[in-house]
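Taken verbatim from Swiss-Prot:
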ZN_FING   3-57  zinc finger
BINDING   C6, C11, C34, C38  Zn(2+) 1 binding site
BINDING   C19, C22, H46, H50  Zn(2+) 2 binding site
BINDING   H185, H283  protein binding site
BINDING   D202, D213, E340  Zn(2+) 3 binding site
BINDING   D213, H276, E309, E340  Zn(2+) 4 binding site
Amino acid sequence: MEGILCASPGCGKPAKLQCPTCVNLKLETPSHFCSQECFKTFWPLHKMYHQKGQPENLPSQFRNYKFTGPLRPTNITPMRKAPEGIELPDYAIGSIPISERVADRKNMANIIHTPEEIEIMRQLGKMSREVLDIAGNAAKVGMTTEELDIIVHNAVIERGAYPSPLNYYKFPKSCCTSLNEVICHGIPDERPLRDGDILNVDVTLYWKGFHSDLNETYLIGNVDERGKNLVKCAYDCLELAVAMCKPGTLYRELGDAIQKHANKQGFSVVKNFCGHGIGRLFHCNPTVPHYSKNKAVGAMKVGHVFTIEPMINEGTWQDEIWPDSWTAVTADGKRSAQFEHTLVITETGCEVLTKRTNGSYIDRHFK
């Protein structure tokens, strides 16, 4: 408990014990005290935190769910809509991506994109980067992920594009916001960001018939060294994988390099979520696993467009899905970090279509 002070108002002494009920409920509350006396004095107020953490205050589908970590869902506002005049993907109305299902049934091979298609995706990648940077610059202590979703939604619409996650298999928001132990596909809600959080924002745009996908993990306030190391490891894993991309590289080789680096840093690599082909379809071939000894098929060819998005965990690589059918969390409740780019294979290597235009992530967030 080094560095933690007593939660009793006006005390300020170093904490020596923690409320056992808060521990059992995995509550993110002021729960440390310097002595039994302070604990008993503050108890009439402190016990109110326990009421807030009880299942009856959670969305109904969570009331019998055993959470793996301290994060809890809060209220989710109604789904927004795109205004008239915005080109819609095939799932925007009915929620089912029919074109993806047709491609799956036909087991379509990796697509070789034309120079004209790549130019559209190049412009789209730049737009997607602009939107993500707007969200990243806005994220701060006290802001809710719902507010970030509004920012993303408006920024996408202002660019004449559609936020690809919106109503994709009924996903209710315009971006994914994944906090702390959430690996991916977190749903923006009304929980305020807190000092020490790590937050991943995942943005995808649909424009002129194509999708572009990227994400980054941000440090909210003062993050501990272990958390910073986790985030930097995820960033480095993406960078080293991108550096390997060129004609002839086997897709399965990326996972070997990513896992080797993550394990060396004391972290693990998620196996159940992968990078993917992208273009006219939100998700298509190739599948791009991030773990070693995977069975990914094929080699990179000029014109292939796909994402790399390693998810790196502080503890176990295993995950489970919340009852909302979307939010993927670590099985042990420890934190996860992720970074993603969309890139195209060229004659001489690759071009990152979602690259930064204002300095590297590390330069901006770790110095």
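Cβ from N, Cα, C; glycine included.
Taking the features listed in Swiss-Prot, we show where each one sits on the structure.
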residue	record	Cβ within 10 Å
C6	Zn(2+) 1 binding site	21
C19	Zn(2+) 2 binding site	22
C22	Zn(2+) 2 binding site	20
C34	Zn(2+) 1 binding site	20
C38	Zn(2+) 1 binding site	21
D202	Zn(2+) 3 binding site	23
D213	Zn(2+) 3 binding site	26
H276	Zn(2+) 4 binding site	19
H283	protein binding site	19
E309	Zn(2+) 4 binding site	27
Quick check: with D202, D213, E340 left out, which same-chain residues have Cβ atoms within 8 Å of the centroid of the Zn(2+) 3 site Cβ atoms?
C176, V203, T204, L214, N215, T307, E309, T342
When the Cα of C19 (Zn(2+) 2 binding site) is compared with the Cα of each of the binding-site residues C11, C34, D213, H276, H283, which one is closest?
C34
Can you give me the same-chain residues 6 or more apart in sequence from C11 (Zn(2+) 1 binding site) with a CB-CB distance under 8 Å?
L5, C34, C38
Rank aside, I only need the closest one: which of the binding-site residues C6, C22, H46, H283, E309 has its C-alpha nearest to that of D202 (Zn(2+) 3 binding site)?
E309
Please name which of the binding-site residues listed here, C22, D213, E309, is nearest in space to H283 (protein binding site), Cα against Cα.
D213
10 Å Cβ neighbour count around H185 (protein binding site)?
21
Among all chains shown, work out which of the binding-site residues H46, E340 has the most CB atoms within 10 A of its CB.
E340
With D213 (Zn(2+) 3 binding site) as the reference Cα, tell me which of the binding-site residues C6, H185, H276 is the closest one.
H276
